[in-house]
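Listed in TrEMBL for this protein:
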ACT_SITE  B:HIS256  active site, tele-phosphohistidine intermediate
BINDING   B:ARG255, B:HIS256, B:GLY257, B:GLU258, B:SER259, B:THR260, B:ASP261, B:ASN262  substrate binding site
COMPBIAS  B:1-23  compositional bias 'Basic and acidic residues'
COMPBIAS  B:443-453  compositional bias 'Basic and acidic residues'
COMPBIAS  B:488-503  compositional bias 'Low complexity'
DOMAIN    B:31-248  domain '6-phosphofructo-2-kinase'
REGION    B:1-30  region 'Disordered'
REGION    B:443-522  region 'Disordered'
Amino acid sequence: MALSVNREQRKLTQTPLLKIWVPWVGCNLNRRRGSSVPQFCNSPTMIVMVGLPARGKTYISKKLTRYLNWIGVPTKSFNVGQYRREAVKIYKDFEFFNPENEEAMKIRKACASAALKDVAAYFSKEQGQAAVFDATNTTRERRAVILSYAKERGYKVFFVESICDDPEIIAENIKQVKLGSPDYVDRDEEEAMKDFSRRIDCYKSSYMPIDDEKDRKLSYIKIFDVGSRYLVNRVQDHIQSRIVYYLMNIHVTPRSIYLSRHGESELNLSGQNIKELKVWTSHMKRTIQTAEALGVPYEQWKALNEIDAGVCEELTYEEIQENLPEEFALRDQDKYRYRYPKGESYEDLVHRLEPVIMELERQENVLVICHQAVFRCLLAYFVNKPAAELPYLRCPLHTVLKLTPIAYGCKVESFFLNIEAVNTHREKPVNVDINRNPEEALQTVPDHI
Amino acid sequence: MPGELTQDRIQKTWERSKDDPPANRRAAGAPHFVNPPTVIVMVGLPARGKTYMSKKLTRYLNWIGLPTKVFNVGEYRREAVKNYSSYDFFKPDNECAVKIRQQCALAALRDVHSYLKDEGGQIAVFDATNTTRGRREMILQFGSENGFKIFFIESVCDDPSVIASNIMEVKVSCPDYRDCNKTDAMLDFQRRIECYKTSYQPLDPDQHDRDLSFIKVIDVGRRFLVNRIQDHIQSKIIYYLMNIHVQPRSIYLCRHGESTDNLEERLGGDSGLSPRGKQFSAALAGFVEEQQLQDLKVWSSQLCCSIQTAERLGLPYEQWKALNEIDAGMCEEMTYNEMKEKFPEEFALRDEDKYYYRYPAGESYQDLVQRVEPVIMDLERQENVLVICHQAVMRCLLAYFLDKSAEEMPYLKCPLHTVLKLTPVAYGCKVESISLNVEAVNTHRDRPEDVKRGPGTLIRRNSVTPLTSPESNIKKPRIDDLDEAGFSELPPSVSSPSLCSPSHTPISLSGQNLRRNTSALH
């Protein structure tokens, strides 16, 4: 490899917002990562769901998409059922899914094709890196179509098959997410249940699970009985390895996660009756004091420490504006990626928090006592807020958020504690230019002493 | 009412005051969630990589701070039966030998018991074939009597070239065959394997073993079957096993070229290369070219001197924030003398316990291990990689590859302008130290002689404290000491302590587990 002589002379400069050293301003910044963002993906990855209806495919698709986006892999899920609902405005009954129904078959194939086209557009035009293709994909034929589509375009393919025969689990799934779907909006419960069961039967006869012999060259994970067992075949790369790890850690046992900032006074959860609550704090004194006041055992995580503001630690907004006005403006321009000089960015925080999220997925009832920026990162993960909104999520002091996974999302309840507290939330100001005047910069600073 | 919080002077962690019962005292880092103790049980025919996985896994678990030890039943057998004659020993109808082998397994389990109950161990790896249901049933019984979790790792492989290669790499040179030539050894070993085959009952996820927790590693990691993951540590073990591979490759570790901060003896900072540092970068570029590697990934930290070094190579490289040097907090950019002057107590504390010591508003080596873990995981996935980093970080990585303890880690020698080439071989790692002949300052400080040692030897439960994977300490009875009348039973069980409870007091690990592993081949 020829070595460029000019490299010796070239000085590095540090980009003002991200604080990354680069050989020249504007050069390719893709080759950097925090602790966990995978390498710049050369080939996009298609994650293809496989399984009979009501096996949790959409649940997994949405959750996985949320996780991948949060760790910084632009991901989108494509649910073929939604394409079908677009094409066929009114759902009549299960006969639509009868394999003998030729006209319906045509429509269903067209929907799958349309979805594939959108996947291609997402990768080529929207810089997507992963796409979750959410459909039953229960026949070898359908999977072959997808594989060849992907091969032509240089996409990697990773299958996620969900296999479950426990009638109780299936019935519960149907209740939780199918009865409320647009397909059954005008039906009564019993009628809907019956129809959906017959819908499942339509798929059963032609269902060919991924074959461990015939498909041994493919990359896939089979999930049995909601995670009781997994079969993993040919993990190709880092992102697939992360996906497998994530899928093996999530569960569907009902539980709640409580998020709270450190409090000036006592947190009182006694009215709650929470089963086997675990309590986590950071290593910083104020969260530990809050936990101590609860009088229960707790675990300390350094990863839950507040964002490191570097040279701006302990400065007020006014002081930052006076001494580092350019930094202050840059932060308003891109609060997610902005890194404090000698400190961290929200993006760095997310990477630091990833093991916490992974463990939260494994756990059941947990109370996390942390700090404003950390709280925002965790909340954004659970309620699926994108990077642009994350740093502006509201999480005042003396409020506990109770997050309860439900259906495809997360129910959020707040508990206010009737204590006056200092508001520390600062909205993004109108003028984020580095040449703005101080009044414009300090416009949205909350009142304080 | 909650008592006052005090800050531990070394770790800077907040704890309840000393006069309160140590109910809520926690160690630094991240919780490990490893109660009750776990016995990892290897399963598989000979030459399927069980010992390879046992040792590697143990090294990893110790590095992330979980006291782990391997109990290799073959070693117990070699203690009991001084001279191995031939594969006849392993014939299933060789009654006398069967008895001996059973006793060896029991002896090993006794030691597992003692390690987990009395020596502060948290994970024991029981490395043997364990190919029959009967044997596994006995182990499960042992686990349930003592409150240990049992996790099986089965290695299944039928590719003859892989088996032959394993035998060549680790079997023909093992003590059993010290007086044989390679061909004879290979032949005998293959016959040994045959002895096991007839009675081999693989784990059966569908029926017999469906309630057990295990992972089947099939064809050296091409495929995995995972059944009933119980907890955090099993999940991590599985993730680790899925990321390791056996492709030949090398990992090159080096520091950035000498920086202007180095010249001034400054801690941390983010300065650029000195003229000699630039020379080193050029030399490194030459070195890399000489190595003539097919595919080399280059990783750098996000600090200036590291990036300048990487830039000079003219190859694509990735920046990892996780590879940044240890954060010296309030001491950033001070010289050692300035630190000694401004923070004399901190300076002394650091020498007292360098691994646990956290700079005020900064990091400790213990924090570094946690921060750097994803790098290790990705290094395991990769093939040839050159990592350009910093002194403390490099020590951390090196301790992982060479199985060095927390005690030793902060004093490992990682001089500037020197590349360490690590090549996995047999059960360990070959190290070559290549100096690129560019002068640089020496930034290494040896452990001071006169300093009073802090509580470094205290291993708290749930703390991140790498231990060197302990040497097996077979205090096994010889064959003639064994009870000839019948099989001796394991000692009656003690009722198991349950769950992660905050009332555990720090447990002191017996000295031998901290002893340096002195073999040249690490």
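Note: Cβ is positioned from N, Cα and C throughout, glycine not excepted.
Sequence features annotated in TrEMBL and their locations in the structure.
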| residue | record | Cβ contacts under 8 Å, 6 or more apart |
| --- | --- | --- |
| B:ARG255 | substrate binding site | B:ILE388, B:CYS389, B:HIS390, B:GLN391, B:MET394, B:CYS414, B:PRO415, B:LEU416, B:HIS417, B:THR418 |
| B:HIS256 | active site, tele-phosphohistidine intermediate | B:LEU273, B:GLY277, B:SER300, B:SER301, B:LEU303, B:CYS305, B:SER306, B:GLN308, B:THR309, B:ILE388, B:CYS389, B:HIS390 |
| B:GLY257 | substrate binding site | B:LEU273, B:SER274, B:ARG276, B:GLY277, B:LYS278, B:GLN279, B:PHE280, B:SER281, B:LEU284, B:CYS305, B:GLN308, B:THR309, B:LEU416, B:HIS417, B:VAL438, B:ALA440 |
| B:GLU258 | substrate binding site | B:LEU273, B:SER274, B:ARG276, B:GLY277, B:PHE280, B:LEU416, B:HIS417, B:ALA440, B:VAL441 |
| B:SER259 | substrate binding site | B:GLY269, B:SER271, B:GLY272, B:LEU273, B:SER274, B:GLY277, B:CYS304, B:CYS305 |
| B:THR260 | substrate binding site | B:SER271, B:GLY272, B:LEU273, B:SER274 |
| B:ASP261 | substrate binding site | B:LEU267, B:GLY268, B:GLY269, B:SER271, B:CYS305, B:GLU333 |
| B:ASN262 | substrate binding site | B:SER274, B:GLY277, B:LEU416, B:ALA440, B:VAL441, B:THR443 |
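Regional average pLDDT for the domain '6-phosphofructo-2-kinase' (B:31-248) in the model is 94. Surrounding the centroid of the Cβ atoms of B:ARG255, B:HIS256, B:GLY257, B:GLU258, B:SER259, B:THR260, B:ASP261, B:ASN262, where the record places substrate, the chain contributes additional residues within 8 Å, namely B:LEU263, B:SER271, B:LEU273, B:SER274, B:GLY277, B:CYS305, B:LEU416, B:ALA440. Annotation note: B:HIS256 (active site, tele-phosphohistidine intermediate) sits in a coil segment as assigned by DSSP.
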